[in-house]
Every structure is written in C-alpha cells, then in structure tokens.
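Q: According to TrEMBL, the protein carries these features:
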- K267: active site (ACT_SITE)
- R341: active site (ACT_SITE)
- K255, D260, D278, E339: Mn(2+) 2 binding site (BINDING)
- D260, D337, E339: Mn(2+) 1 binding site (BINDING)
- 335-342: domain 'Cytosol aminopeptidase' (DOMAIN)
Amino acid sequence: MNALRRAKNIFLPVFKGEPLEKAAFFAFLPAPTRAIVKKFIAAEFKAEDGETKRMWSSKGQIARIAFFGLGERKLWNARKKFLVSRRMVQYAKREKIEEFTVPLTDAFGDEGERAFLFSSNAVLADYDFNRYKEIPKGGWPKIKEITVAASKEMLPITREGTRDGIIIGEEANRARDLANTPGGDMTPKLLAAEAKRAGKEWNIPVTIFDEKKMKALGMGGILGVAQGSTEPPRFIIMEYRGSNKNQKPLVLVGKGVTFDTGGLNIKPDQYIYEMHMDMSGGAAVIHGIAAIARLKLPINAVGIVPAVENMPSGSSYRPGDLLKTMSGKTIEVLNTDAEGRIILSDALFYGWKHFKPGLMVDFATLTGAAHVAVGNFMSAVFAKKKETESLLVDVGTKSGDYVWPFPLWDEYLADIKGTFGDLSNIGKGDRYGGAIHGAKFLEQFTGEADWAHIDIAPKMTTIDSEFLSKGASGVGVRFIVELAKRYIGKIPNPKSQIPNKS
C-alpha cells in the first residue's frame with residue numbers, strides 16, 4: 001500500500017453510501033489528500049454505478065485522484081468486477097494519463113484473485129487494432145504503467161496474480177489480432193503459420209496437415225468446403241504436454257473459416273463484412289493453448305483447428321452435394337453457408353478417434369440463431385452430460401466468458417436426417433431451433449467423447465458497454481485457461497503442483 005504515498009495518479013473504486021475512510025487503503029493515502037478526498041466525495045461524488053469524476057490538484061495535495069463509482073454493494077456482482085479495470089484504462093487513455101495506481105478492496109476477491117482480475121482486464125482494455133492506420137504524431141495513446149497497491153505481506157501473491165492475468169490478457173489480445181486481420185492477410189496457410197509461431201515461442205509441438213494428408217485421412221468435409229477457394233485448406237494440431245502420458249488430454253477444437261462469403265448460398269452484403277472473424281474459435285484455441293503453456297499448467301491439452309475459406313466459384317461445393325466425412329457419415333449439403341459444422345465434423349471425429357480425450361470442447365462462430373437467442377452478452381453451450389454443462393457454466397462465470405445452456409435433445413435429430421445422405425447440414429422444414437440443429441449435427445461426430453459445443457457467435461465482436469475497443473472480442477481464451485485449471489482437478493494427476501489461482 002506504500003505505493004499510494006508515492007503515486008502521481010490514484011484511481012479509487014468507491015461504493016455508494018460507504019465511507020471511504022473505512023477502506024483498508026485509506027490510511028495509506030498521503031495525509032494532505034485524505035481530508036480533501038472526504039470533502040470531495042461528500043460534496044461532489046455519489047458513486048453511482050458507472051460514474052467517474054476526477055479531483056484536480058489542490059494546495060497541499062500530492063496526487064491527482066479519479067473516483068470510479070461502483071453503485072450499491074448489494075447490487076455488486078461478478079460481472080461488474082470485470083468491467084472496473086477496463087473503465088479505468090479507457091478513462092486513462094481518453095485523458096492521456098500514462099500511469100496510475102489503484103488499490104482494490106476485498107469486494108474484488110482475495111489478493112491474488114483481485115490482482116488477476118484487474119491485470120487481465122486492464123490488458124484487454126488497453127488493446128487497439130491499429131496496425132493498418134498511419135501512426136499519429138506522438139504515437140497511439142498507451143498506458144505505460146499500472147500499479148496495483150498491496151500490503152507488503154501480500155506482495156508475492158499479488159505479483160503472481162498480476163503475472164498470470166497479464167499472460168491471459170496478452171494471449172486473448174493475440175487471438176483478437178488474428179481475428180481482426182483482414183481475410184486477405186489471414187488465409188488458412190497464414191493462420192497455420194501463426195500457430196507454428198506460437199508453438200515455437202512456447203515450445204508446443206505443432207503439426208500441419210495439407211490437402212494431400214487430409215485426402216488420405218478421408219476428411220471430405222473440410223476438402224468439400226475448401227474446394228471453391230484458390231487458398232488451400234490446412235488442419236492445425238497443437239499438442240501441449242504438461243502432465244504424464246497417462247493423463248487423458250483436454251481436446252479443444254476451433255472453427256477456422258478465415259473468410260466466409262457463404263459460398264454459392266452467398267450472404268447478404270452487410271453480413272459479409274465481418275466474416276474474416278469467422279475463425280475466432282480457431283484463434284481462441286491457438287492462443288488458449290499458448291496461454292496454458294505459458295502458465296505451465298500440469299495438463300495435457302490438444303488444440304485442433306480446421307482452416308478453410310468458403311468462397312463462391314466454378315469449383316465450389318453445391319447445394320445438393322453429398323460429402324463423405326472421415327467418420328464415414330455422409331453430409332447432404334442443403335446450404336453452403338452452414339459450412340462451419342461441416343469442417344468441424346472431420347475435426348471432432350479426428351480429435352475423438354486419435355486422442356481419446358477426457359473432455360472435448362469446440363468453439364465456433366456457428367449460428368446467427370444463437371446470437372438471436374441470447375443477445376450480445378454470452379455464448380451458447382451444449383453438452384452431452386449435465387455434469388459437464390454445469391462445469392462449463394461455472395467456468396464461464398469465473399472467467400468472464402459467460403455461457404448459457406441449451407438443450408441437446410434427441411428429438412432434434414430428426415430435423416437433420418438427410419434424404420439422400422446420413423445427415424443434412426441444416427434443419428429441414430422451418431427456421432426454428434437453428435443453434436440446436438447445429439449442435440446436434442456436431443454431436444454425431446464425437447463418438448464416445450465427453451463433449452460440449454460452445455457457439456461463440458454472440459460474442460464474436462465487442463460491445464460498447466464492455467469497455468473494449470471495436471472489433472474481435474478474444475472470446476474463448478479466458479474460458480479455455482479456466483477450463484484447463486478445472487480439468488486438472490477433474491482428472492486425477494499426482495504430479496499436479498499448481499493450484500487453481502483464478
């Protein structure tokens with residue numbers, strides 16, 4: 001807390017109706033500042049949720065102070081925790097404040113948790129995708145230093161929480177970089193190269209299958225979708241080995257459609273613009289695995305990303321085509337714009353057959369129907385087992401990548417039974433239940449695996465109320481790390497030494 005005495009800029013989170021002097025950090029504020037702060041709050045600051053005010057320097061005051069209202073404590077919840085540091089960073093950038101110090105109270109969890117939450121979200125909020133813009137004079141506004149004030153005895157755990165939070169924030173931002181990059185600069189081959197780069201940096205073995213290898217394996221789903229593009233597909237496998245070989249791996253599968261026009265069933269023009277982000281699931285898996293490796297978690301984790309473009313051309317796959325997948329099942333193509341589930345059919349089957357996972361989870365911007373159902377604040381989750389569904393909902397709440405459960409009833413299977421093939425790639429008859437039809441389709445390729453599908457389409461891009469810059473949200477990376485930590489406890493492993501810190 002001594003950092004408060006030296007700070008030039010202090011950002012104070014304040015609950016409505018609570019005397020600030022009762023907070024543990026208040027005594028560590030410079031003496032001349034304490035009296036001024038009390039008067040300012042009493043006269044000018046109500047601490048409403050979202051309210052921000054800056055107190056300008058007065059005679060005898062050492063630091064400049066900004067107050068951030070948290071509202072009433074009884075209305076405080078986990079979702080609001082994630083937004084406080086983002087608000088602070090956005091405010092600092094807007095006001096051109098390059099460094100600030102913040103004390104966090106027990107409302108944000110224990111010392112390690114509050115440092116973790118603050119640092120990960122601060123890194124997310126400090127991100128801008130501006131590599132294609134001319135650099136302004138003086139450069140882009142950037143935060144140079146944030147100090148999380150802590151008591152001397154809690155410095156080690158605060159440093160550890162901060163370090164882990166920074167790692168996760170950085171990897172989520174790298175996933176955002178991949179998703180924000182225009183499709184012409186992020187083809188399947190270039191996405192595979194990015195996975196290779198991450199693997200080399202963090203010592204993760206990476207294998208890339210080309211068309212010849214996929215053809216030998218019978219991956220007709222991926223090859224069928226890819227045939228309309230001049231850009232060849234790639235099949236990316238990342239294998240992190242942090243545990244003994246007897247531990248069943250956590251297998252993560254991410255949709256990697258680097259640009260999706262819809263194919264011959266072409267999308268309306270207003271919906272094509274953001275479709276370079278249709279590989280957000282793949283980006284999350286690549287950098288989720290990288291984050292797991294950087295944190296040195298004692299787990300075996302595999303990332304699989306089928307990467308393709310979905311383009312219209314004279315060689316495109318057609319409505320009515322029948323594609324034979326690696327599983328042996330055939331897919332009757334009713335709509336070429338439901339391509340994500342087709343490429344995932346081969347990826348999921350490969351993940352189950354080759355790695356025999358303890359748990360397999362896929363991340364995909366699969367359906368607009370999921371977005372319609374839940375809006376902008378969470379993803380949709382579908383799981384074979386109720387136990388797994390409950391685990392994933394809890395992981396979402398803990399990580400900030402929220403998910404909401406949907407049914408996976410067998411009654412929906414009849415809607416995707418093919419007429420001339422085993423399965424159709426969209427539901428027949430009406431437009432209802434589209435997100436469930438997509439999930440039910442994927443389930444047919446998961447064998448005996450404990451499997452879940454997370455439709456991240458609702459969270460592909462950021463929204464203003466979450467205090468992140470416009471573009472890709474990086475959804476999935478924080479979820480993957482928290483899931484990996486939970487998986488360590490779920491799958492017995494005597495060598496595990498790292499506690500669940502987040």
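Placement of Cβ uses the backbone N, Cα and C atoms for every residue, glycine included.
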Q: Near D278 (Mn(2+) 2 binding site), which residues of its chain come within a Cβ-Cβ distance under 8 Å, counting only those 6 or more away in sequence?
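A: For D278 (Mn(2+) 2 binding site), the qualifying residues are K255, V257, T258, F259, D260, G340, T365.
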Q: Please compute the mean pLDDT of the model over the domain 'Cytosol aminopeptidase' (335-342).
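A: That region's mean pLDDT is 99.
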Q: In terms of DSSP three-state secondary structure, what is the assignment for D260 (Mn(2+) 2 binding site)?
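A: It is in a strand.
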Q: Setting K255, D260, D278, E339 aside, what same-chain residues sit with their Cβ within 8 Å of the center of the Cβ atoms that define the Mn(2+) 2 site, listed in sequence order?
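A: These residues sit around the Mn(2+) 2 site: G256, V257, M275, M279, V308, N310, G340, I343, A364, T365.
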Q: Mind checking how the domain 'Cytosol aminopeptidase' (335-342) divides into helix, strand and coil residues in DSSP?
A: 3 helix, 0 strand, 5 coil
Q: How many Å separate the Cα atoms of K267 (active site) and D337 (Mn(2+) 1 binding site)?
A: 8
Q: Cβ neighbours within 10 Å, counted over all protein chains: which one of the recorded positions K255, K267, R341 has the most?
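A: Sorting the candidates by Cβ neighbours within 10 Å, the top entry is K255.
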Q: Could you check what DSSP calls K255 (Mn(2+) 2 binding site) once collapsed to helix, strand or coil?
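A: Note: K255 (Mn(2+) 2 binding site) is coil by DSSP, not helix or strand.
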Q: Are there residues of the same chain, six or more positions away from D337 (Mn(2+) 1 binding site), whose CB falls under 8 angstroms from its CB, and which are they?
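A: The answer is D260, G262, G263, N265, I266, K267, N310.
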Q: Could you tally the C-beta atoms, other than its own, that fall within 10 angstroms of the C-beta of E339 (Mn(2+) 2 binding site)?
A: 29
Q: How many neighbouring Cβ atoms, not counting its own, are there within 10 Å of the Cβ of D260 (Mn(2+) 2 binding site)?
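A: Taking every protein chain into account, the count is 27.
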Q: Please classify the secondary structure at K267 (active site) using three-state DSSP.
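A: K267 (active site) sits in coil per DSSP, no helix or strand.
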